[in-house]
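Visitor: The structure under discussion is supplied below as structure tokens; questions concerning it will follow.
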């Protein structure tokens, strides 16, 4: 990480400098509430800013701490040293505001933890069956919750005083900058930009469905085309994306979380209340050959893995909180995560189990439960319920777009901050975020079949959720060799990497074997 990680040898109470020379910005590691002590790997050591005579309004202030501010027996006191701060963080959307709390953490985590990907979970059950479907869903939930706990604990170090405010930053510290780019850059980019593309596809298509429900056959005006609905949804998302930082969208995430719980609950309750479809079958699908059967099972596991995304946002969410040695950010963050994932479990398990009970092998593979609701119950369900469900999906997609786009906004703005050594002007930020939003719109129109690649994408992104946090814990915390914690993290990490490889291969095989309608520039 270059100079950002170097520990100075200066005494805690520095000598008085001359008027001509301005000392570099520094602070003891106990000041966790200050912007993180090192930036994303995108910022090299040469990018550190030497402060001018006048400190910018939003810049990191100079902080001086007396020698005996912490108890002599504390770990912080034993490791108390001066470390250079990176003032860039005070100007970037993820770390610009540090007044977050457990409520904000719960809102953001819940909004990013529940999404449309949960609606295709019953598709995995059609291949795995009742027993193995429930077992694998439970194991995946517990596994990803454990790795989530590891990331929350790794966010800040009591030994060095560093806060790792971005997932890629922690990857670089663990694996080295070059290896981290090879291992994590593409999955993280997809989980940010690719998810935003998928949200435009889903949100635009659902806008069309909502218009048909509300308008019915009474409207005389010609309805917009699918591409025009994509554009309408994208314009709304771009307008909302002008909120400056991650803390400023806490209210948006709250609305997104409420609507996600709303449509998940409405869909499975309606499906269960309406009863099982006539002639429903629960016999798992079997391929014509053993190889096909194996790859189908692996593809189903990829669908389950894809449902548990959002780990690439946990460090960023925690970075919005204040922290010090007596009140570390991991405590309120973990409280928020526990509340959020309790609600996630209350949505995902009934959705998967209730959906498979109602439709069995008849569950549509494209769209999952949302498509099934309209296909099988579009006539016997009140239009109000169908319209409310569609509206919840649209609002949730708009809200999720903001939190998944924030890491990309942060990276784009860091390029300007690194070069110009000053905050990004508001008008330039508006241009950059608009370019990102409409760039995602172009990809959504060009590749409208992106949602059909859930199994493949789940395999590629799986290490970010299930493997890398285990290796990070081993490298940074250094548990005792052959201890239970050491064995647990090695087994989960290695197994997760192997599973990622076979799931990716299975996703490719299923695509080649069953085929996908590659309708480029032709969204339906």
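Any Cβ shown, glycine's included, is placed from N, Cα and C.
Keep in mind that TrEMBL annotations are predicted by a computer and have not been checked by a curator.
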Visitor: Select from 318-338, 339-359 the stretch of residues annotated by TrEMBL as transmembrane segment.
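Guide: Range annotated as transmembrane segment by TrEMBL: 339-359.
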Visitor: Pick from 56-76, 77-97, 161-181, 182-202: which stretch is listed in TrEMBL under transmembrane segment?
Guide: 182-202
Visitor: Check the transmembrane segment (486-512) against each of 130-152, 249-273, 339-359, 384-405, 426-447 and return whichever range has the most CB pairs under 8 Å.
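Guide: Checked against 130-152, 249-273, 339-359, 384-405, 426-447; highest Cβ contact count belongs to 130-152.
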Visitor: Between the transmembrane segment (249-273) and the transmembrane segment (130-152), are there three or more C-beta pairs closer than 8 Å, counting only pairs 6 or more apart along the chain?
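Guide: No, the transmembrane segment (249-273) and the transmembrane segment (130-152) are not in contact.
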Visitor: For the transmembrane segment (384-405), which partner among 102-124, 130-152, 182-202, 339-359, 426-447 gives the most CB pairs under 8 Å?
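Guide: Out of the listed stretches, 182-202 contacts the transmembrane segment (384-405) most.
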Visitor: Between the transmembrane segment (182-202) and the stretches 102-124, 130-152, 426-447, work out which stretch tops the count of Cβ pairs under 8 Å.
Guide: 426-447
Visitor: How about long-range neighbours of the transmembrane segment (426-447): same chain, 6 or more residues beyond its ends, C-beta under 8 Å?
Guide: 193, 196-198, 200-201, 204, 227, 230-231, 234, 237-238, 241-242, 244, 405, 408-409, 412-413, 416, 520-521, 523
